[in-house]
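Pulled from TrEMBL, these are the features on record:
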- 12-39: transmembrane segment (TRANSMEM)
- 121-142: transmembrane segment (TRANSMEM)
- 182-202: transmembrane segment (TRANSMEM)
- 268-292: transmembrane segment (TRANSMEM)
- 312-334: transmembrane segment (TRANSMEM)
- 355-377: transmembrane segment (TRANSMEM)
- 383-404: transmembrane segment (TRANSMEM)
- 416-441: transmembrane segment (TRANSMEM)
- 447-471: transmembrane segment (TRANSMEM)
């Protein structure tokens, strides 16, 4: 164990702290979409889609359902791109390492630079701008997940903390909304975000490895713009994440037992992978539909009173800040359960899987409760819905990354993570037909769609049950083996 005052330990803590800032301030901004939509409406984006209609009492009313539908489509495409492109990005990350993968993170700068320079007449440019922000943000999160490998027994806690920071960064658009109400233009806000890209550049070359951080972490491992000498051990990290000691070579012991890692094909065709995709997809769809339709939902419940809608939008955005506080508890649960004494013959991976069962179950339970509250057409209840939403979303994405890191080989983390996110992105495309169904057939009342999604979220309980039964089966096999050997 390195002493806490050593330069290597200081560098690791600096990497952790700056990664937290990066995720907290930039990575998941797109999920604060509800706050930005409020600003975009006041600026007149897609305002040409608002039409005057005749109400029931013969009065003229402004119908902006077409505008709401277009904003929903922007978010649908951005959230789809956010997840689906993690498939090639994950392969890119595993094959070429951190520096190359993070180069795609500069899509974030493209989005923040492009956004403020077009007028409301060119509202369709919102589609590439928000998608660029989304893609850049998810790459920052993916390349920061590996920092958990630097902290051993706290690995799951670090991963979930970063995921919570990713969720909390959605409050960035609330800040932009409040600044806009105070007279600061969108141009100034987004130019500032673009200028902050220097932070990402400095972290890429000075506080992250060129390739990937291996797990388990080799002794005296170091990284950065140069891979300098540490206690006579100059390290070179290969593309596959393994460390070579350039100063001291150790002959290979051909008689030692080598555990063969699962191939990517075996991972993808496993029941773990299938049920994990289902677990993530059904809950993610519930969240995406909630965020994408929050503005029209609040408008309907508040009877069109914009000051009340703004109040609830601000409350929603403020609760998102709590994601960074909620998410680590998921990692703490996993790390504490993993820390319990292992049964005789139980491997480290089995202990990890056993520790993940409670996390997976609690996440599914939170989603069901959140969905029920979101389905209830009572405006004051939405404050509690916001709390459940941020708690569940924090557990969802942190638990997703943590489970993948323990259930599958670390050499496939980027690829499996990308495939899981990509497949769930395909499922999330259902949010747009759901929104169209509410607008058309259901005349703006989402009750039946919400009830259907609540029932669909029950499928998420299959995953923790599957992992639990797998752990029970392994324990039973060990007991039988011990009985035979005795």
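Here the Cβ of each residue, glycine as well, is placed from N, Cα and C on the backbone.
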Check: Counting Cβ pairs under 8 Å to the transmembrane segment (447-471), which of 12-39, 312-334, 355-377, 383-404, 416-441 comes out on top?
Finding: 355-377
Next item on the list: Output the single range from 12-39, 121-142, 355-377, 416-441 maximising the number of Cβ pairs under 8 Å to the transmembrane segment (268-292).
Entry: 416-441
Check: In terms of Cβ proximity under 8 Å, which residues at least six beyond the ends of the transmembrane segment (12-39) contact it?
Finding: 71, 75, 78-79, 82, 108, 130, 133-134, 137-138, 140-141, 144, 147, 150-151, 158, 161-163, 165-174, 176-177, 180, 186, 193, 196, 199-200, 203, 207-208, 291-292, 294-295, 309-310, 313-314, 316-317, 320, 324
Check: Have the transmembrane segment (383-404) and the transmembrane segment (121-142) got at least three CB pairs under 8 Å, pairs 6 or more apart in sequence?
Finding: no
Notebook entry, point to check: Given pairs 6 or more apart, does the transmembrane segment (312-334) have at least three Cβ pairs under 8 Å with the transmembrane segment (121-142)?
Noted result: no
Note to self: Give the nonlocal contacts of the transmembrane segment (355-377) in its own chain as ranges (CB under 8 Å, at least six residues past its ends).
What the structure shows: 279, 282-283, 286, 290, 301, 330, 333-338, 384-385, 388-389, 391-392, 395-396, 399, 402-403, 406-407, 447, 450-451, 453-454, 457-458, 460-461, 463-464, 467-468, 471
